[in-house]
């Protein structure tokens, strides 16, 4: 491998000749050989959006020449397009402010910008600190990139995935609204409801958590940029934060604003905790839905077997003909990961000391992992399971007819204690509920048939 010599304030260091990064990136690469978790490319691209917006703002403020600004913007656009992904090699486990990743972006954009200028015959030189990082600090750029990346992940991936599954569930609610099944509480038989009603509960969960996520995400649209090192805005124009936020908004189509208090924006990540908490709420509901699906599909002959799920792949390497609820299993594993990520984010966000929190990279990594896992898992569950759910009406009807909990309808007519005696007698003697009721002498066959009608038990009545 061929190398070139780069220099920084610590001296000279060898850098691979074909890479756009420079000394500080190389030092980080050598000093932190920890794990395989790379800084998410979403953070890199959010940084590039920020650097582009900063260059345009500094140009408008008369602090950066038009020639340099144009080269920085062009280089940043290439980074955003993914042209230089291999030039961002750093891992998450680095300085807690994300300084090395900020410098990685500064160095790549500066070197690529200089190539662009050279191709145009210019001898102007872009410096990674003085030009690309002008009016900025790692302390305000990393939280800005973090918020931009997380907002995009939530709005472009998580929320559309929820909408897709919601639409499928609405179709199932309508398709199954006539199918009366036995309800279950504590994993025990309860009073009846329709399969459509049961699924409507799932739909409402998604509808509610979707709104919770969207509402919490508004706080993530406050950006730290303009606070520089400790929140005072030293070395930045007073309007810089506002101008950059407007540029980022125009480029992303998201309504970002300059954070009203930069001291808070650098040392606290409560917005991330709040939004990820909403993602955790979604995850909790998805766990419930996935579990319901696999319970209801259990069988085929020794389980509940009230719904049929698509047979996507052989279920066992030893038991032929087995169909497992694999989409539910994948989704519940994602939920477990999200729950763990939430614990990490909550702890990391509690570690702000004085003017800075230095757990930023791990917060970014875990949030983005949660967002993408949830989005992918929801779409997979929808496409490979939910859309193909069918009701086994024969099994459902059999379970309803065998249930002793229909006795609940007798409570207003013969009292709770008498109804309980009938249910216990039926269970002990192996009788149907009707047979036990008639043996009690408390009501006639006509009265029983009139009262114990599942169709009359699925909604309130006067």
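Keep in mind that glycine also has a Cβ here, set from the backbone N, Cα and C atoms.
If you look up Swiss-Prot, you'll see 97-99, 127-130, 137-139, 185, 317, 322-324 marked as substrate binding site. Listed in sequence order, there are no same-chain residues at least 6 apart in sequence whose CB falls under 8 Å from the CB of residue 130 (substrate binding site).
Here Swiss-Prot flags 186 as active site, proton donor/acceptor. Residue 186 (active site, proton donor/acceptor) carries neither a helix nor a strand DSSP state and counts as coil.
For 316, the entry in Swiss-Prot reads active site, with the evidence type sequence analysis. Neighbour list (residue 316 (active site), Cβ cut-off 8 Å, at least 6 residues apart, same chain): 322, 324.
What Swiss-Prot records for 329 is site 'Important for catalytic activity', and it gives sequence analysis as the kind of evidence. The Cβ of residue 329 (site 'Important for catalytic activity') has 12 other Cβ atoms within 10 Å, all protein chains considered.
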Those binding-site residues listed as 138, 324, and which of them has the most Cβ atoms within 10 Å of its own Cβ: 138
Neighbour tally for residue 186 (active site, proton donor/acceptor), based on other Cβ positions within 10 Å of its Cβ: 6
Pairwise Cα distance for residue 185 (substrate binding site)/residue 329 (site 'Important for catalytic activity') [Å, integer]: 22
Nearest of the recorded positions (97, 128, 329) to residue 186 (active site, proton donor/acceptor), judged by Cα-Cα distance: 329
In the chain carrying residue 99 (substrate binding site), residues 6 or more apart in sequence that have Cβ under 8 angstroms from it: 138, 142
Neighbour count (Cβ, 10 Å) for residue 128 (substrate binding site): 24
Neighbouring C-beta atoms (10 Å sphere around the C-beta of residue 97 (substrate binding site)): 22
